[in-house]
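Shown next, in C-alpha cells, is the structure this report addresses.
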Ligand code: ATR
C-alpha cells in the first residue's frame, strides 16, 4: 500500500488525512495517509526517513513549504515563483515538488461560478500564500492584479519576479483603483484580526475571498462587507484547502477526485 502524509508543525489540526482518505475511498484506491510532525530544524531528516521507509508523497504545510521546495531535485514553474511547495513526492527516484495552492484557489472560485477573466483583482499580502497563488491568477487572464502589502517592498519583489505588464505593487495606506474581487492572503484572520488599510478600495468589491477559514464568517470578510457599497459575496479558504488536496491527489494517482462530498462533510463539521 502506498504511503502518504502531511508534514508540518503543528500538525494535529490538519484535515488533509480525512480529505485524502475520503478521495481514496471514493475511487477505491488503497493508501495510508498520516500526520507527520517534524521539529522545525529536522525537516530534512524527517523527510529522508519518510522516503527511505517507503513513503511516496507528502503534503507540506507551515512552516516547511520553503524547505520542501529546496528538498526537491525537480520543481515546477509555480513552485519556483512561490519558492515553496505543498506537494513533495518521489517519482522514478527523483524528488519532485509542486505547489497546488494557486490552482486550488482558482478551482474553488470556479466552483462558486466566479470567473477571474477581465476582472480587477486586489491581493492583500505578499507572503508565501500570495506567491503560491499569483501564477494561477495570471493564467485566468484578469484585467489587472494589484498586490498590496504592509511591507510594500515584498509586493514589489513579486511584481518584479513575475514581470508581466498588468501586475502592480502597493502599500496598504493608499490603494489606488477600483476592484471586482479582493483576495486576502495575509495571516490576519487566523487571529481574528484585520489589516489596517485604505478601505475605500472595497467600495465596488463584489467578491471577498479569504484564504483562511473559520466556523464563522472570517474577520476579513466581515471587514469587507462593512466597507463595501455593493452586495458582497464572501468565500473562505475551506474550498481552496479541498481543491489543492484534489490537485495533489491528481499528481499522485493520475485521477482527480470529485470534491463535493468532502466539501459537505467539512462544512458540517
Ligand atoms: P504565509 O505563508 O501565510 O503567506 P507569511 O509568508 O508570513 O505567511 O506572510 C504573512 C503575510 O501577512 C505578509 O504579507 C504580512 O505582511 P508583511 O509582509 O508586512 O509582514 C501579512 N500580515 C500579517 N499580519 C498582518 C497585519 N496585522 N496587517 C497587515 N498585514 C499582515
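The backbone N, Cα and C atoms fix where each Cβ goes, glycine too.
If you look up TrEMBL, you'll see 65 marked as active site, proton acceptor. The feature shikimate binding site is assigned by TrEMBL to 14, 15, 16, 61, 86, 101, 213, 244. TrEMBL lists 125, 126, 127, 128, 129, 149, 150, 151, 152, 153, 154, 211, 237 with the feature NADP(+) binding site. Look at TrEMBL and you will find 6-88 tagged as domain 'Shikimate dehydrogenase substrate binding N-terminal'. Here TrEMBL flags 115-188 as domain 'Quinate/shikimate 5-dehydrogenase/glutamyl-tRNA reductase'. Annotated domain 'SDH C-terminal' per TrEMBL: 237-267, in sequence order.
Residue 150 (NADP(+) binding site) and residue 244 (shikimate binding site) have their C-alpha atoms 27 Å apart, to the nearest angstrom. For the shikimate site, whose annotated binding residues are 14, 15, 16, 61, 86, 101, 213, 244, the maximal Cα to Cα separation is 18 Å. Candidate binding-site residues: 125, 150, 154, 244. Those with a Cβ under 6 Å from ligand 1, in sequence order, are 125, 150, 154. In terms of DSSP helix, strand and coil, the domain 'Quinate/shikimate 5-dehydrogenase/glutamyl-tRNA reductase' (115-188) has 23 helix, 18 strand, 33 coil. Over the domain 'Shikimate dehydrogenase substrate binding N-terminal' (6-88), the average per-residue pLDDT in this prediction is 97.
Pairwise Cα distances among 125, 126, 127, 128, 129, 149, 150, 151, 152, 153, 154, 211, 237, the recorded NADP(+)-binding residues, top out at 26 Å. Between the CA atoms of residue 244 (shikimate binding site) and residue 237 (NADP(+) binding site) there is a gap of 10 Å.
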